[in-house]
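Colleague: From Swiss-Prot, for reference:
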BINDING   Asp40, Ser41, Glu42, Tyr43, Asp44, Ser89, Leu90, Glu121, Arg144, Glu179, Lys295, Lys319  NAD(+) binding site
ACT_SITE  Lys123  active site, N6-AMP-lysine intermediate
BINDING   Cys413, Cys416, Cys431, Cys437  Zn(2+) binding site
DOMAIN    610-693  domain 'BRCT'
Amino acid sequence: MQNIDLISEKEAKKLLEELADKIAMYNHAYYIEDNPLVSDSEYDQLFNLNLKLENTFPHLVLSNSPSKKIGAKITNKFAKVIHQAPMLSLSNAFDEEDIRDFLERIKNFLRINEFTPIFCEPKIDGLSFSAIYKHGLFITGATRGDGYVGEDITINIKTIKNFPHKIDNAPEFLEVRGEIYIEKQDFVNLNKEQEAQNRGKFANPRNAAAGSIRQLDVAITAQRPLKYFIYSGGVTEKNLASTQEQLLAKLKALSFSVNEISKLASSEEEIFAFYEYLKTNRHNLPYEIDGVVYKLNNFAMQNRMGFIARSPRFAIAHKFPAIIGQTKLLSITVQVGRTGMLTPVAELDPLEIGGVVVSRATLHNFQDIARKDVRIKDYVFLQRAGDVIPQITGVDISKRSNDTVKFDTPVFCPSCNSKLRYVSEDIIIRCDNGLNCPAQNYERICHFVSKNAMDIAGLGRKQVAFLIDKRLISNPLDIFFLKKKNETNLIRLENMDGWGKKSVANLWQNIEKSQKISLQRFIYALGIRHIGEQNAKLLAREFVSYNNFIAQMELLSKNDSDVYQKLNDLEGIGDKMLVDIIDFFYVKENIQLIKKLGAVLNIEDYKETREQNILTGKILVFTGSLKTISRVEAKEIAEKLGAKVASSVSSNTDLLIVGVNGGSKLKKAKELNIKIIDEAEWLAFIKCLEKEV
């Protein structure tokens, strides 16, 4: 974790941009692909770093900030369901101090001094879902999706044992929300079946549950041992209860499965006692839990507290610490990524941690190996927090033998044997051989065909590797001539191992379908280092059309100062991204490839869809005591209308809203000639804007 106090504004801006892209990628892998790329603890560290940066530099908060998003964008695999009320995530807490801060925030917001009852319940590690009933009949089930739009999994939910299709004495309209999960022993049995049928094993129970419920073939879902718990109500025609405790009792009476392990805490001590109880006994439970959820028990108080961008103020998740294990390090392999970055991966003597067999772990970077003095044949400590690839946290020196081998940091690329470049004090090592490096070329093609890029279904990593190995493709362009090439081959693709007439016919259809693509997705598909989906959208918005984009990039490759300045001035494109864009287009082969792709693709112009108002992007500051609403509520309203709220007045401030006793901020705003309005003017102003929105 970086020291926020020592970071400059320029560095903060770069870091926020990098975090937005990285967290978006991790969200997509976790929520959509059901395939986490990093540990829960590593993700939480990145997310918390993003929050701290935003709190320190509120005027730098990005429009695509992870703190404003829930889950990830949904795919086109299922029909879409718009949630009548957003399905929000919970903020995370990692120690008792975080929980004390949470309880203090409740008191301050509600302006109360006494402890108000908190409902405590286990945090199930599964897939969140919503179920809607009309006149007692189950009509719609949906995943969380991005929090606003989910995937329609109605038929799949109906296969879950004991899930009620019809309920008696229900209100005319009822929504319930819960978690779909697979018990630990069922998970072990399922993986044995997968192995016996020569199918891929699931990494953990959460992945198994998510992958099972999101099956297009409902017959597969029906065979899976899925279970569920309901933990809250969503939108309903009439109030079922006035507290969380009453609600769960009512839902149980309506025949829903609710978790019986819960506690209504009347003190801070009772909260922490319940947490310790569950932390100690979690391994005795038949299902995975990764923490405890605390909620204000009183619904009226919940409604008063409301929400921030992605989570409720009245609830929080107290996460458990990571599970620790120990095993032998057998070897270290080096992987080469799409952008040429090398990543060391530990190959381990398989070890079961928390019900999951672990055989690989991340070593983060080469400097980390040296710092921890990790050697081949060492016994290493592992940390796992519900993740696919755990982390190596240290070495058991007491078990070190004389035959351990120090790892030599590579000098040449393991894929193409070209000399490597060391970046950032040896933390990052890159191969600069680009498309001439087989590993980079493979990863680049995989990225090009991925769902958020060209979205060519039927071309997964395995299929891409096969086509490259058979010399049927060598770059992204070859994909669009594959059908023609196949027709002239002596042995056709449909007659090769792993393929058939139907899969090949579907592939041709999917390739043809992919040839119509938006400019922002095309730019993202190119795989430019540090240019994720949001930054690709920024570039598309700036250049609008493919023809203009490639013309401007060609000028950039010839050191055109106007194009350089245009990119340099583009809000959201940091210095590091600018260098990466320049490096990418300096390579003539890249421009040639893009031009050839442009000739075979129908690349649509960028179209702006976001609604804006006069406050969008403006920086506001509040000062003094507000009489009508609390400062927190005022900030929330401003942010909903697109403004950014800062804690101090600067030359970047657009508007100061003054309550009682404005103080030094008012004085400074007058000195800087910043527009100033009082609370009444502000309330009248936002009332007009909210009507427009």
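Counting starts with 1 at the first residue shown.
Each Cβ is built from the backbone N, Cα and C atoms, and glycine gets one as well.
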Colleague: Distance between Cys413 (Zn(2+) binding site) and Asp44 (NAD(+) binding site) at the Cα atoms, whole Å?
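Modeller: Per the Cα atoms, Cys413 (Zn(2+) binding site) and Asp44 (NAD(+) binding site) stand 32 Å apart.
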Colleague: What is the set of residues, excluding Cys413, Cys416, Cys431, Cys437, whose C-beta falls within 8 angstroms of the centroid of the C-beta atoms at the Zn(2+) site?
Modeller: Val336, Gly340, Pro414, Ser415, Asn417, Ser418, Leu420, Asn433, Asn436, Pro438, Ala439, Gln440
Colleague: Within 10 Å of the Cβ of Cys413 (Zn(2+) binding site), how many other Cβ atoms can be counted across all chains shown?
Modeller: 23
Colleague: Between Arg144 (NAD(+) binding site) and Cys431 (Zn(2+) binding site), what is the CA-CA distance rounded to a whole number of Å?
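Modeller: Between the alpha carbons of Arg144 (NAD(+) binding site) and Cys431 (Zn(2+) binding site) there are 39 Å.
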Colleague: Whose Cβ, among the binding-site residues Leu90, Cys431, Cys437, has more other Cβ atoms within 10 Å than any of the rest?
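Modeller: In terms of Cβ crowding, the pick is Cys431.
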Colleague: Which whole-number value in Å describes the distance between the Cα atoms of Lys295 (NAD(+) binding site) and the residue listed as 'active site, N6-AMP-lysine intermediate'?
Modeller: 12
Colleague: Within 10 Å of the Cβ of the residue listed as 'active site, N6-AMP-lysine intermediate', how many other Cβ atoms can you find? Include all protein chains, please.
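Modeller: Other Cβ atoms within 10 Å of the residue listed as 'active site, N6-AMP-lysine intermediate': 21.
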Colleague: Measuring Cα to Cα, how many Å separate Asp44 (NAD(+) binding site) from Lys123 (active site, N6-AMP-lysine intermediate)?
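Modeller: Cα-Cα, rounded: 16 Å.
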Colleague: Within the chain of Cys416 (Zn(2+) binding site), which residues six or more apart in sequence place their C-beta under 8 angstroms from its C-beta?
Modeller: Cys431, Asn433, Asn436, Cys437, Pro438, Ala439
Colleague: Rounded to the nearest angstrom, how far is the Cα of Lys123 (active site, N6-AMP-lysine intermediate) from the Cα of Leu90 (NAD(+) binding site)?
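Modeller: Their Cα atoms are separated by 10 Å.
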Colleague: Suppose we draw a 10 Å sphere around the Cβ of Lys295 (NAD(+) binding site). How many other Cβ atoms does it contain, all chains included?
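Modeller: Summing over all protein chains shown, Lys295 (NAD(+) binding site) has 22 other Cβ atoms within 10 Å.
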Colleague: Taking DSSP as the reference, which of helix, strand or coil describes Cys416 (Zn(2+) binding site)?
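Modeller: SS state of Cys416 (Zn(2+) binding site) = coil.
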